[in-house]
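Colleague: Annotated transmembrane segment per TrEMBL: 49-70, 90-110, 122-142, 148-167, 179-197, 203-221, 281-308, 314-336, 348-369, 381-405, 417-437, 449-467, in sequence order. Annotated domain 'Major facilitator superfamily (MFS) profile' per TrEMBL: 52-471, in sequence order.
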Amino acid sequence: MTIKEDAERGSHGVREEVSVPLLREVNDMADKEDEYSEQTSNKTSLWKVYFSTFVAVCGSFEFGSCAGYSSPTQAAIRNDLSLTLAEYSMFGSILTFGAMIGAITSGKIADFVGRKGAMRTATGFCVGGWLAIYFAQGALVLDFGRLATGYGMGVFSYVVPVFIAEIAPKNLRGALTTVNQLMICTGVSVAFIIGTVLNWRTLALTGLIPCAILLFGLFFIPESPRWLAKIGRKKDFEAALQDLRGKDADISKETAEIRDYIETLERLPKAKMLDLFQQRYLRSVIIGVGLMVFQQFGGINGICFYTSDIFESAGFSATIGTIIYAILQVVITGLNTTVIDRSGRKPLLLVSSTGLVLGCILSGISFYLKDHNLALNAVPILAVTGILVYISAFSAGMGAVPWVIMSEIFPINIKGVAGSLATLVNWFGAWAVSYTFNFLMSWSSYGTFILYAAINAAAILFVVTVVPETKGKTLEQIQAAINA
């Protein structure tokens, strides 16, 4: 299989035809990497990879802090600033619009100033946003701060998993990328908990803590070696890779393989949005965007944002239900990091989607029984069981794995544009589902959950027929196999 493309070179736009047996080359690369990995595994020190991941996922924790802020502060902010329900609804929802803007620009920023530069940019917006919220005396400044934190969230949602995937060895890539989702869940849960004891202005200041750790930590971690190779900084690329793999590790073959692959891709014209729909990239785009569609339109944000209302509607204690919900989300996402590189991405997605269907059906049955005054004693148990099965299943796969796969499947020459598109679709889905959830529940409470069950059932078919297994493969091998 060969890739034939017109390559644009030089300031005068000289065009020449490039023909490269890309798939064969990359499979050879993978075999070579297996050899050198076995030879150097005992010598390789990965503490810098773990430390770099810790620093990066402070952005994920910040993401969760932003997302979880509005829920425990609604009553206090409305009382202190005399906001109407409509004004506070604007404050809550404008976060998603900021995130969509961040998603659109995230790929370009990460490609232009690097992965670390993109994280600094996102952090700057979050710091400005939290300070605006802290000093706000009215709706306008409050909304500006919320919009700024949303923009930071949008950039973090793309650049953190991409950075981790690009620095991690293939045998740890899935687990380390999943830590992104774990820290998002942890950030949300912490905001929920401490929001019950802190006033809303102080809670805003706590959002500065992960920003400070991230900004400080970025001084001590290397830039993504693949990004450095892509922009031609050869010495920095080798130094960063050596730093990540350990000073005694032999990186010569890995260095050559990454450089050869990137040089091949760089001969192709610079990718634009319309280029994503060319045949050689179309499958990776379908996989990345499709997983984001099913992740969001399966109902997660509607159920997440209105968990308390769902429990109350079913006659169960909202406080107890929400606490159990938050604990399950963090614990199962944490356990997921330990199995993703052993079980693989695809099995987790299938198990997760099946659990989502079951959770939606149980919740739908509970509301059907309530609406028809049947077996009313069973309604709370069915509702709670359904919601907890749903969030457990989501945390087990569909929450984290789409981000892992998104960070793996796009070739580096289209990663910025394609990643921005996938992230934008994700945030649009988050807004659409959270906006329509109450309308759907008014139309038919049980019908809403049956609709989500049908979408999650379609996700099972999508995973079976379209999504490849990426466990244990290099990024170059994955991308060449998909886009060949």
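For all residues, glycine too, the Cβ spot is worked out from N, Cα and C.
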Colleague: Name the range, of those listed as 122-142, 148-167, 281-308, 381-405, that has the largest tally of Cβ pairs under 8 Å with the transmembrane segment (179-197).
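Modeller: Comparing 122-142, 148-167, 281-308, 381-405: 381-405 has the most Cβ pairs near the transmembrane segment (179-197).
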Colleague: Report the listed stretch (348-369, 381-405, 417-437, 449-467) having the maximum count of Cβ pairs within less than 8 Å of the transmembrane segment (148-167).
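Modeller: Checked against 348-369, 381-405, 417-437, 449-467; highest Cβ contact count belongs to 417-437.
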Colleague: How about the transmembrane segment (314-336) and the transmembrane segment (381-405): at least 3 CB pairs under 8 Å, pairs 6 or more apart in sequence, or not?
Modeller: yes
Colleague: Looking at the domain 'Major facilitator superfamily (MFS) profile' (52-471) alone, can you tell me the average pLDDT?
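Modeller: Overall, the domain 'Major facilitator superfamily (MFS) profile' (52-471) comes to a mean pLDDT of 88.
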